[in-house]
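Novice: Straight from TrEMBL, here's the annotation block:
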- 103-232: domain 'Type II secretion system protein GspF' (DOMAIN)
- 44-61: transmembrane segment (TRANSMEM)
- 222-239: transmembrane segment (TRANSMEM)
- 245-268: transmembrane segment (TRANSMEM)
């Protein structure tokens, strides 16, 4: 059942959302903000242990000293915050893909001469066939829109609320075009259909770029790990040969090498982060 929360100057609709792992709403059952991600205690523990283990191993390989390993391991305990950002990006990418599929279904329904409200509900029916699990984010969002419209809210307010929580450029643009067209009295069906096609094309281009970059991203990860693996192999197989690097000026050389490797990894990630 929908609930209304009174706030100064407005009434906010709150709709309970079913729990989905990784998509948990806040304790007050407000709608999901896709810029927030609540990690479970298990996820936090695994991420912290993984970060600490990797950082400690790298430190021991480069410095061969337990104190360095302990210090780097302590830094690695902060990995859950990085992992949370990665999960947010991954979830928003999934939502963007599902939104593209919703636009395709919406454009098809509008081409058949349906109103926008009816087209949204038909898109929901089509997406339920595509996602039988019903835990897909876009299905939950369309179900929320359906309940809000049944409670008397307009389509534009539902779309605006969705875009405000999604924080995705394509959804923002679609909502802005829809609201502007409603206010100016333009041909809503034609404009929405055309906008849907344009956004779909943009998302298709972005998806093609990500597919082409997938191999390069894998190669960059391999190249980042390879030097560490080589140093570890040499330190294990020929310890006398590597001994000068673990004392005196050798520690400075190892520190510089580690800094260069880290800088190359960060630079590679930035280069491959292509925005369409």
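Yeah, the Cβs are placed from backbone N, Cα and C, and that goes for glycine too.
In terms of burial and nearby residues, how do these features look in this structure?
Specialist: Mean model confidence for the domain 'Type II secretion system protein GspF' (103-232) is a pLDDT of 87.
Sequence-distant contacts of the transmembrane segment (222-239) (same chain, at least 6 residues past either end, Cβ-Cβ under 8 Å): 58, 61-62, 64, 257, 261, 264-265, 268.
Long-range neighbours of the transmembrane segment (245-268) within the same chain, counting only residues 6 or more positions beyond its ends whose Cβ lies under 8 Å from a Cβ of the stretch, are 58, 62-65, 220, 223-224, 227-228.
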Novice: Could you put numbers on the helix, strand and coil content of the domain 'Type II secretion system protein GspF' (103-232), residue by residue per DSSP?
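Specialist: Counting residues by DSSP class gives 111 helix, 0 strand, 19 coil.
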